[in-house]
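Only one structure is covered here, and it is reproduced in the block below.
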Amino acid sequence: MTQRKNMYSKKNSFGRSDFPEGFLFGTASSAYQYEGARNEAPRGESVWDTFVRKYPERNCYSNADQAIEFYNHYKDDIQRMKDINMDAFRFSISWPRIFPLGKKSKGVNKEGIQFYNDLIDELLANGITPLATLFHWDTPQALEDEYSGFLSEEAVDDFKDFAALCFEEFGDRVKLWVTLNEPWVYSIGGYDTGRKAPGRASKYMNEAAVAGESGLEVYTVSHNLLLAHAEAVEVFRNNPKCKDGKIGIAHCPVWFEPYDSNCPKDIEACERAMEFMFGWHMDPTVYGDYPAVMKKSIGKRLPSFTAAQSKKLRGSFDFVGVNYYSAFYVKNIDEVNHDKPNWRSDARIEWRKENNAGQTLGVRGGSEWDFLYPQGLRKFLNYAKNKYESPKFMITENGHCDIDYEKKPKLSNLMDLQRTEYHKKHLQSIQQAIQEDGVVVEGYFAWSLLDNCEWNAGYGVRYGLFYVDYNNGLKRFPKMSAMWFKEFLKREEEIEDSEEEEYVLKSTMNKKRFLLATGSSASCFIPKMSESSKALELLF
């Protein structure tokens, strides 16, 4: 055993202690994707409820009425977080669960408030720091019906009322907040390509779309989202209960590399792509205005801020949330069809999975856009640090997907070596950015604790550290990635007592790699792992 301890001593490996004191490690979720209980707990309709029911063929014939029933199982799931040594959890507060009809004046759901109070209290009782997201795409359908949601500036005041109530009810205990989750995705997907709720786009962008105007509505919606963010931050900073709290936007940058590294136009296109994707929502919160390249390209279709709005937006964040998954090559486009405007043609870019030499950026994951490129996260953090005068960052999402529409055997889903490697390499990139580059990163949230309803991709895409058996009562089972995090996150005082367990884990992973290479059966090498007090087995 002495030799084993020397070989696998935690002190000589990568772990929690390699990060700054107080660095948060957690997992992320969203209300629509997790909560479920649609038919038993009061909640108003969201645009996603309507979209998936109205257009099932555009949503893999799935909905989130049940989701993974986090509403009823959150206590057990919090024990799972605790069991793998996580110390934070990011969740979203469902706007239509709090205001079923979208407006405070039309009724507040006390049961919804109680649910989030109970969730927050349970997290804190288990030593887990809550991070709450106010808007994770679930616009109340009532507001969509009344004034077309965020296409109207009326949404700003209703969102402000929602945010104010959340700060008042939960701000004494929740000290980390995200106003908007991925405004780029919400605007592009919902109003330019029409692939996500509410599914609006021009016919030349999406034949299935029944209404919308690509290249116009996308900018209007993002503009109103930014105004709503600024109002919410002002309310937050004026509420005594939120004293010492921090707030920001969860952006979703993709890192870009030039399609042809020797082509000046492709190199320039990478910078333009970053401005159109990240700068679009970041610049207004720093400088009070959109990037110059966007204003020049889009012209009158891009709304402008008043002096008062600009002032309110500047400095409206305490940290920059980063949802990073992958990277792409970018090719410059010289000529575009101005009669068919859209975000990508305005940016004059084309995303490519391979460069001019036929190379990908890394190993492909479960989806066509999911490439393992952890150095892209480090490059992005340095890009944003240098451009925006060293803000503080929070990695609010980072994850790897498996595709499971064919219902793969449970074993192959649980032995998620590629996901384990994905998280490890991205954490290494973050650690390098902190220690070698001087980037200030304060936390990391893996997407996601559990497999869940992945929006219009349904349940066939799995991101969880825990496997959810959709055909067996939504039972949860830890994957190898959960086991890895459990070991990675052990604190120094826990290490000496766990070296034998760690040896078994590492031996199993090495044997599994060998078995994958040789095609042999893996069943005899799978270790057992107790899950909290329930003593569930990893595999059975």
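The backbone N, Cα and C atoms fix where each Cβ goes, and this holds for glycine too.
Here is what Swiss-Prot records for this protein:
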- GLU182: active site, proton donor (ACT_SITE)
- GLU397: active site, nucleophile (ACT_SITE)
- GLN33, HIS136, ASN181, GLU182, TYR325, GLU397, TRP447, GLU454, TRP455, TYR463: beta-D-glucoside binding site (BINDING)
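Swiss-Prot feature annotations superimposed on the structure.
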residue: GLN33; record: beta-D-glucoside binding site; DSSP class: helix
residue: ASN181; record: beta-D-glucoside binding site; DSSP class: strand
residue: TYR325; record: beta-D-glucoside binding site; DSSP class: coil
residue: GLU397; record: active site, nucleophile; DSSP class: strand
residue: TRP447; record: beta-D-glucoside binding site; DSSP class: coil
residue: TRP455; record: beta-D-glucoside binding site; DSSP class: helix
Residues near TRP455 (beta-D-glucoside binding site) in space but at least six apart in sequence (CB under 8 A): TYR32, GLN33, TRP48, ASN59, TRP137, LYS196
Between GLU397 (active site, nucleophile) and ASN181 (beta-D-glucoside binding site): CA-CA distance (Å): 10
All-chain count of other Cβ atoms within 10 Å of GLU182 (active site, proton donor): 23
For the residue listed as 'active site, nucleophile': intrachain residues, at least 6 apart, with Cβ closer than 8 Å: ALA28, ARG90, ALA250, CYS252, VAL322, ASN323, TYR324, TYR325, PHE445, ALA446, TRP447
